[in-house]
Amino acid sequence: MSNRVIIFDTTLRDGEQALAASLSVKEKLQIAMALERLGVDVMEVGFPVSSPGDFESVQTIARTIKNSRVCALSRALEKDIDAAAQALSVADQFRIHTFISTSTIHVESKLKRSFDQVLEMAVSAVKYARRFTDDVEFSCEDAGRTPIENLCRMVEAAILAGARTINIPDTVGYTVPSEFGNIIQTLFNRVPNIDQAVISVHCHDDLGLSVANSITAVQHGARQIECTINGIGERAGNCSLEEIAMILATRKGMLGLETGINAKEIHRTSNLVSQLCNMPVQANKAIVGANAFTHSSGIHQDGMLKAQNTYEIMTPESIGLNRNNLNMTSRSGRHVIKHRMEEMGYSEHDYNMDALYEEFLKLADKKGQVFDYDLEALAFMEAQAEEDNHYQLQQLVVQSDSTEGVATATVRIEVGGEIKTEAATGNGPVDAAYNAIARATDRRIDIISYKLGAKGVGQNALGQVDITAVYHEQNFHGVGLATDVVEASARALVHVMNLTCRADKVADYKQSMQKNRELGGV
């Protein structure tokens, strides 16, 4: 048996079912091209019979993708299979995936047929699909709750009819790993023609076991895993592609299995899917979460600086990230602060480590995470332990034209003790407010990240805006809180403005310090 596991991605079919709004054809094509770069073997990209839009997107992707096999879903009905075949006909290589329910509850309650009738429908569907391609996949929907005798009969009949891949879905995420592994093992033991097909699994995450069930399945002989980027999908989601890929890569010595996934594309693909689908990845998500390679514990940080593999079983570079993160918090030790200062180019002779660490702990207790620009200010400007408020927002008035989409904002800002009033227009109220603030402060920065959230619950909740901005090639993080989202956005920008102002003062101090050194050395 081959040790190669086929990765079947269904982000654009099963994954899209979780979205509040469907993706456009262009967005689907973007994701499909990312999946091709990632190296998925098969991508299931839609259900052509369901709508003209789905048909168009499947056809467009099928025409474009060259290095992955493009697949479309169909029920065990000739009209579905016809639509799938027509949409896929422009592809270099394609697969038709047909399915029917096999569990007792589905057969009796949903299909209202006998199992024998359902078996005949499955056989007919597979045979019909074989008219269009040799690559036919058949799925036993709700296989996890199907009596094993019936499941064995269905699998044997589908293979005999011409299916080259047999998919065993845990459709409702009901099974546990030992149980699911036993199902796969029983199929290999009882189905006489099992060697004529690839056994696939498609596990849902209702009990949080989709990845564990999938790994157990390949340990028992399955050689295709159906999964999605970021684990998105119906209800609680699907098996996560990135987790499967990195489990098989990281534990290759133990599992003896491999995939064709280009792991360095994982982070990039995850971000793209998250953005286009408007589904943020939770911070503690395995592999691709913001905290996946972030270390806050002082003990962990110290270990990481001594040897990276003390607390990391894979590198961030392996999934396409540049580096891991050592968050500077009140739990960070002196070693971490010294290391960070060294990374920024400072030697211990440039600052007082004892004083810096004492001030660092005070600031960390107050604000939580401390950033590089905070550390520089603490090291070189004793009077700047508290954040400067060179800019203070006094008033913000916004007027919007709902028909034209143009907004006008007027701001009154205190700038170093002087009151300035400026007005500006923009593409929406936030853009207008930002333009007015930029005029008043005469300071231009580039916003690279804008996140809108809420602090509190119900009617008492405040809008919270978090922004990341670039100023002189350095990132600055600002937060704004207000009952109004536009005001919260403005306050976040003013927060960043104050941070950049302080950074300028630090830069001036460092420059004068360098000049003094040069003069002293003459």
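Glycine too: its Cβ is placed from the backbone N, Cα and C atoms.
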Identity of the Mn(2+)-site residue among ASP9, ASP14, ASP431 (reference: HIS202, HIS204, ASN238, source: Swiss-Prot): ASP14
Env. residues of Mn(2+) site, Cβ within 8 Å of mean position of ASP14, HIS202, HIS204, ASN238 Cβ: THR10, PRO169, THR171, CYS203, ASP205, SER210, GLU226, CYS227, THR228, GLY233, GLU234, GLY237, CYS239
Helix, strand and coil residues within the region 'Regulatory domain' (392-522) as assigned by DSSP: 52 helix, 56 strand, 23 coil
Where HIS204 (Mn(2+) binding site) falls in three-state DSSP terms: strand
In the chain carrying ASP14 (Mn(2+) binding site), residues 6 or more apart in sequence that have Cβ under 8 angstroms from it: GLU44, HIS202, GLU226, THR228, GLY233, GLU234, ASN238
Number of other Cβ atoms within 10 Å of the Cβ of HIS204 (Mn(2+) binding site) across all protein chains: 25
